[in-house]
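Reading through the structure tokens given below for one structure.
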Amino acid sequence: MVMERESEKAKEKAKAKLMFAYGTLKQGFPNHYLMEELMSKDEAVLIGRYMTQEAYPLVCGPHGIPYLINLPGWGHRVKGEVYAVSEGAVVVLDEFEGVSVGCYERLPVVVVEVEVEVEEGGGGRVEAEAYWGHRRFGEVLWKMKGEVGLKEYGENEAREYVRKEDRPGRRNTILDLVP
């Protein structure tokens, strides 16, 4: 029994980072297969449904790619999922999200549990990290979208999503918005 608890604590420590997924990585969406792979390798665990504590813009850019924009107080409180992930999973996710090439940047965000928010008027608040549309184009994209954002990336938005392998040149053309 004691060994079992220590083993569970070691597993939790190995997944010390919390990640907030608000777009294609969520359950039922085009890139959730990546989270499933990480979970099958015990590199990630779904914690639950959360929403940002503050309002932020969430918009879809070229190829239907969702971007959370780091402009607190604009947009809506955005719904998504929180995962506990290992450092190894962070490396995989950073690569997938194009952090090194400037598509996204991983930054902190405070989120609250959706069910707790609804039922109890608050609580279940944690600090996680999210992949934000890079600051080089985030505000430009928000303005291009008429400063109208989404509360949640949903089925309608997912229909517009084009997988990396199906894009011209297999690239993310959001980078064309900035010099």
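Glycine residues also receive a Cβ, built from the backbone N, Cα and C atoms like all the rest.
Residues or ranges marked as active site, proton acceptor in TrEMBL: Glu97.
The domain 'Gamma-glutamylcyclotransferase AIG2-like' annotation in TrEMBL covers 19-134.
Taken through DSSP, the domain 'Gamma-glutamylcyclotransferase AIG2-like' (19-134) splits into 33 helix, 46 strand, 37 coil. Cβ environment of Glu97 (active site, proton acceptor): Cys103, Tyr104, Arg106, Tyr131 lie under 8 Å away, each six or more residues apart in the same chain.
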